[in-house]
Amino acid sequence: MTSVVVIGTQWGDEGKGKITDFLSQDAEVIARYQGGDNAGHTIVIDGKKFKLHLIPSGVFFPEKISVIGNGVVVNPKSLVKELEYLHTEGVSTENLRISDRAHVILPYHIKLDQLQEAAKGDNKIGTTNKGIGPAYMDKAARVGIRIADLLDKEIFASRLKTNLAEKNRLFSKMYESEELSFDEIFEEYYAYGQQIKQYVTDTSVILNDALDAGKRVLFEGAQGVMLDIDQGTYPFVTSSNPVAGGVTIGSGIGPSKINKVVGVCKAYTSRVGDGPFPTELFDEVGERIREVGHEYGTTTGRPRRVGWFDSVVMRHSRRVSGITNLSLNCIDVLSGLDTVKICVAYDLDGERIDYYPASLEQLKRCKPIYEELPGWEEDITGCRSLDELPENARNYVRRIGELVGIRISTFSVGPGREQTNILESVWSNI
């Protein structure tokens, strides 16, 4: 039994897709366990970029099984579009498996998401308007439609009719918006269900059988710990649990079957949308990092907010997810800066604190306490070991490991597979 979980430790966009793709080379099964097509990951293979939102990174390895677990909310329209995109690019999807227990995102979820966000005005959360939150709301309210229901024509029609009647009352009475058509949704989405039917199964059985057989299973998280609905910057969070504990609920395996947790982070910090961000930069340094790092959302295309590396955030992520290994990405983006900074603690009303407050009001008053280190001018994109890094870059990497309290197992100096460097194999000693 060998399993590794890959999670984002910041606010998403840390490069999980690339690290998952890299670790997938030694895995036999790769699974997603939460989120939906609000996630976006970019994989570079032989210099070519592939952008995925739902399908796990492991799909590029035809000999491995890729799983969309029960904790994922699936937009069938987006899924079919992504499958067609992969087929057009010559990528086989015969190795894909989709949980019959996963919940379905329907047009009324997307419309409700958009209307609710617009109604919030200045208090908007910064949702991607993909219907993720409303789909999870229906799941919690026990009125959601699952993949298994989508494949059964009579059950899908019955549940869709009931749900749509309720949602249309909401649209017309509360939001004074146009109602949606039952016939249009039913015909379109039942057809999508038939197109994905070949991939649908009980994925919990597949995952547990693989683990019991001693196979290497890799779990791929979406978003990041700071967007977790329980442990993140609530309410500026997603509607699921990206933390490592979400694996057990979202994939159908027991907690005793998780061996290692790899936390992925950037050498700086970024986030999309609204919410607290203590180390955010508003100056020319921030603009430089954004442009050099191509910090624009994979899903939304929105410019990401950027800031210095925050070890307070990282220690919080380590604690709530039990992170055993750290993967540090995008070190190359900081090349050329005279000085680099790491937030080591916060100043809250004159008191030094080293934890991340739950209160948004307290977070607004938190001022980052920085440790400054000398930067480096060298181009490090060709470095293939820690020793090859310039001394200042090497010291920066080591200091991050010390402050976070996690050993760094991989570091990357660019988007390519060959630019990801192993210091310690996470598959060893399990």
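From the backbone N, Cα and C atoms, a Cβ is placed for every residue, glycine too.
The feature GTP binding site is assigned by Swiss-Prot to 12-18, 40-42, Arg304, 330-332, 412-414, with sequence analysis given as support. Proximity of Arg304 (substrate binding site) to non-local residues of its own chain (separation of 6 or more, Cβ distance below 8 Å) is seen for Asp13, Ser270, Arg271, Val272, Arg290, Glu295, Tyr296, Gly297, given in sequence order.
Swiss-Prot lists Asp13 with the feature active site, proton acceptor. Cβ contacts within 10 Å of Asp13 (active site, proton acceptor), excluding its own Cβ and spanning all protein chains shown: 27.
A coil conformation is recorded for Gly15 (GTP binding site) in the three-state DSSP classification, outside any helix or strand. Residues or ranges marked as IMP binding site in Swiss-Prot: Asp13, Glu14, Gly15, Lys16, Asn38, Ala39, Gly40, His41, Thr128, Arg142, Gln223, Thr238, Arg302.
Look at Swiss-Prot and you will find Asp13, Gly40 tagged as Mg(2+) binding site.
Taken from Swiss-Prot, the feature active site, proton donor applies to His41. Following the DSSP three-state reduction, the secondary structure of His41 (active site, proton donor) is strand.
The local packing around Arg302 (IMP binding site), expressed as other Cβ atoms within 10 Å of its Cβ over all shown chains, amounts to 13. Mapped onto three states, the DSSP output places Arg302 (IMP binding site) in coil. Annotation comment: Swiss-Prot describes Thr298, Thr299, Thr300, Gly301, Arg302, Pro303, Arg304 as substrate binding site.
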Listed binding-site residues Gly40, Thr128, Gln223, Gly301, Arg302, Pro303, filtered to Cα within 10 Å of Gly12 (GTP binding site): Gly40, Gln223
Binding-site residues near Val413 (GTP binding site), in sequence order, restricted to Asn38, Gly40, Gly301, Arg302 and a 10 Å Cα cut-off: none
Other CB atoms within 10 A, centred on Gly40 (IMP binding site): 21
Among Lys18, His41 [recorded positions], residue with fewest other Cβ within 10 Å: Lys18
Between Thr42 (GTP binding site) and Pro303 (substrate binding site), the C-alpha gap once rounded to whole angstrom: 16
